[in-house]
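Visitor: Right, I'll just put the structure down here and ask away after.
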Amino acid sequence: MTSFLCKILFFTAITGSSWCFRNDASPEENPNIPVIAKYFGTKGRYEEVNPYLIRNILAVNRSSLQPPSPQCREIHLTAIIRHGTRYPTTKNVKKMQKLYQLVQSSARGKDCWLHEILTQWTMWYTEDMDGRLVQKGVEDLKHLAVRLSKLFPTIISEEKLRGGLIKFITSSKHRCVNSTLSFKAGLTEMWAITDMEFQHAVNDALMRFFDKCTKFVREVDNNPSALSEMDKFTQGPEMVRVQQKIADRLNVSYHLITYDMVEAAFYLCAYEFAIKTANSPWCRLFDEIDGQVMEYALDLKQFWKRGYGYDINSKSSCILFHDVFSRLDKAVNEHNSGQAVNEAVTVQVGHAETLLPLLTLLGFFKDSETLTSTNYASQRERSFRTSRMLPYAANLVLVLFDCGGRDIRLQPLVNEQPVVFPGLADRQESMPLYEDVRRQYAELLNGCDYETVCELFKPAEP
């Protein structure tokens, strides 16, 4: 058997083939998809959230909207979208390079996937990539634009685009600007528009509010103790076991595999899959249990740094919250007064750090129990799961419908799936009256002053 395996490895080396025995996919799983793909958190593919897109990337299910009346028609849509698939940031590239060097110098395992890493795989990630949009990210936003136009054809239409009724706003970061350009290209290519160009506005006050919020930056973003629960979990028994398993698979000393090394390996698997749709040999360092532990560690980071962990995390999005509702109010008022809605569609492109605080402020994906370093086992069925909430191209879409007789309703969708506003779930309505939604968020609409909660100014000395 050893001789046979050596012949296989020799054949692999001289042919460049990446053929290898697979032991990380069950027969019912797609062998081209890592078994840990659904645990990649914010580094995951959009297709893992909506698997039907693997078969048909332009598939939509308009019947899932289920309006209360057949006469309901959309009058306005706001979409807040995370940028598409990107390269790793410089910080993560450095971690990945360090792991690669360790494996090259010290790994002594005999598995053929490790042989593939050692003899065929090269470290192609460079620091100057620094989070830039990749071609898959361009396609993410193009395809999303087409799907949303199929879901809401009367307002995301060629007529509305040509008429200047679709507005585009983006963060200044290159990956967001390029995602915005890609979304527009999805529409213009679909309708073969070549005689017009459509502008976008850069607005970091809205799309990068987290950078401007003094209190958030001081108390959370620049505060090492803010992530103490994540730090404790990464030093706890579940993560130590993952580290030991990886050390065993590489046949290296336990002390060489730190949490940073585990995270780097996890990201190597995630980026290879997201960018190249490759089930990389790096993925073989993890089994499904390892993936679940890693997902929880990354969820702890997002929970405490952008989610429900601290009140200021969500309150930092007050400025975006008020902007969204002022736009919805304006559309309702224009419609009810018999005017044409001036802004039929608003597309706003930002970051995971843009979307998560707003979803948190609105109360989506909130569990009854706080995520901590000690309750991993009891949180296995948690709602707060960034792999589901925040893949590349994640989105929150809010659609106003006129259902007749000033019956104005608001449909929220997260990643193209209808969701129910927290506090209105008892009515079993995914498309509640807009006035009921405003009543549910009355406290935030009347308060949640961005300058005050972010401490952008100091009160005068007495």
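We number each residue from 1, going along the chain as drawn.
Backbone N, Cα and C atoms are what each Cβ position is placed from, and that goes for glycine too.
All TrEMBL annotations are machine predictions without curation.
Residues annotated as signal peptide in TrEMBL: 1-20. Annotation source TrEMBL lists disulfide bond at C72-C403, C269-C283.
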Visitor: Work out how many Å separate C283 (disulfide bond) and C72 (disulfide bond) at their Cα atoms, rounded off.
Guide: 47
Visitor: Between C72 (disulfide bond) and C269 (disulfide bond), how far is it from one CA atom to the other, in Å?
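Guide: Pair distance, Cα basis, whole Å: 45 Å.
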Visitor: Would you kindly give the Cα-Cα distance separating C403 (disulfide bond) and C269 (disulfide bond), rounded to the nearest Å?
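Guide: Rounded to a whole number, the Cα-Cα distance is 47 Å.
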Visitor: Identify, among the disulfide-bonded residues C72, C269, C283, the residue whose Cβ has the fewest other Cβ atoms within 10 Å in this structure.
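Guide: Relative to the other disulfide-bonded residues in C72, C269, C283, C72 has the fewest Cβ atoms within 10 Å.
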Visitor: Far apart in sequence but close in space: which same-chain residues, 6 or more away, have a Cβ under 8 Å from C403 (disulfide bond)?
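Guide: Counting only residues 6 or more apart in sequence, the Cβ neighbours of C403 (disulfide bond) under 8 Å are P67, P68, S69, Q71, C72, R409.
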